[in-house]
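A short write-up of the structure that comes next.
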Amino acid sequence: MNFGQATDGQRVLRFANGLQMRTRDIKVGLCLFTITIILVAISLNVGVTNVGIREFTHMLFGYSLEHHQFYALWVVRIPHILLGFMVGWCAALAGAILQPIARNPLADPGLFGISQGSMTMIMVLLAFVPSAPKMLIVLAALVGGLIVALVLTLLVGNNRASGLAILLMGIAVSSVLSSVSAFLILYLPTELSLNLAEWMQGSLFQASWSIIASFMPLFLLSIIGILITGPALNRYELGNELATSFGEPIKYSRPLLMMFSVLLSAASVTAVGPLSFLGILAPHLASFISSATGRARLFLSALVGGNLVITADIMTKAAPAGVFLPIGLSFTLVGVPLFILTMRLRALRKR
């Protein structure tokens, strides 16, 4: 491991296996990780029960806590933080993968209808099998997302389709599926409709260690996916023609990348419901704070996504007693001002 210079003159850290990372990207990643730790500390202190970092430290070192303190930390707050971070990581990564292959900075599982496809398929499953097991729900979400991805591929047609064409097709498919979801909400049994309506707003209230255990393999897979897909997405950012000239097998890699993005999105939707806009916002924020590409861009986007969901969960828990604030709404309240500010600062930077 040694330091060197990239072709653009920036200082890089080179590893023995040929991997290199810009030192600027490493510094940005460390700053984001520091923010993650700060947000975790804040989240541990926010809630109805008066517990926080002190009690968490006592628990780590084996000291006994009162039952309500242990319950608040181990059963409620820690699962919220872990699941929220992993879901935000995967949802942001799904958007960061879609944008280069669609050649559109607005590419997002929500706008493309992939999230809506997963939601609709889950609702159809629960309409016929209300007590469906968790794994079947995950499978339904994956199938729904893949069907939408396949429909988009068939509608768009060739590899030269513009990013705008793909986006418009995705919005059209999403609109149709939204109508189907609204129909199901109206005519399903009342209790199931209310539960689905709450889930569609996004919620971490169902977070538990069993859900975290089932989500963890995908989270680890996403880290491996960053290492594998980074170079391919680097070539996609050059355009289809140049990517092909550099040896990228677009005919095969694009469906695989799309499937990986759908898998990340479907799992996130299953865990907490749809988090619209996250797949757009996180990569934009990452590109604003760093001009990273390839693996570094994916990693920073995912880290930003995890931090945003933890922030939204803090807002949800800090809401006044008796006020139900879905995490989807909390995320919108956090994300939209950030997005507007980022776009404004980006415009000023170009002047």
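In case you wondered, yes, glycine gets a Cβ from its N, Cα and C as well.
Any TrEMBL annotation is an automated prediction that lacks curation.
In TrEMBL this protein carries:
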- 30-51: transmembrane segment (TRANSMEM)
- 71-98: transmembrane segment (TRANSMEM)
- 110-129: transmembrane segment (TRANSMEM)
- 135-157: transmembrane segment (TRANSMEM)
- 164-187: transmembrane segment (TRANSMEM)
- 207-228: transmembrane segment (TRANSMEM)
- 256-281: transmembrane segment (TRANSMEM)
- 323-341: transmembrane segment (TRANSMEM)
Next on the checklist: I need to check the long-range neighbours of the transmembrane segment (110-129): which residues 6 or more away from its ends have a CB within less than 8 Å of a CB in the stretch?
Outcome noted: 94, 98, 102, 136-137, 140-145, 147-149, 152, 166-167, 170-174, 177-178, 180-181, 184-185, 188, 192, 196, 200, 261-262, 265-266, 269-270, 273-274, 276-277, 279-280
Checklist entry - Which listed range (30-51, 71-98, 135-157, 164-187, 256-281) shows the maximal number of Cβ pairs under 8 Å with respect to the transmembrane segment (207-228)? => result 71-98
Checklist outcome for this item: Comparing 71-98, 164-187, 256-281 for Cβ pairs under 8 Å with the transmembrane segment (135-157), the winner is 256-281
Checklist entry - Mind checking which residues reach the transmembrane segment (71-98)? Cβ under 8 Å, same chain, six or more beyond either end. => result 36, 40, 43-44, 47-49, 51, 55-56, 59, 65, 107-109, 112, 114, 204, 207-209, 211-212, 215-216, 218-219, 222, 225-226, 229, 233, 257-258, 260-262, 264-265, 267-268, 271-272, 275, 278-283, 286, 297-298, 301-310, 312-313, 317, 327
Checklist entry - Short question: which residues 6 or more past the ends of the transmembrane segment (256-281) have a Cβ under 8 Å from it? => result 83-84, 87-88, 90-98, 101, 105-111, 114-116, 118-119, 122, 137-138, 141-142, 144-146, 148-149, 153, 199-204, 206-207, 211, 215, 218, 222, 225, 229, 232-233, 305, 308-309, 327-328, 331-332, 335-336, 338-339
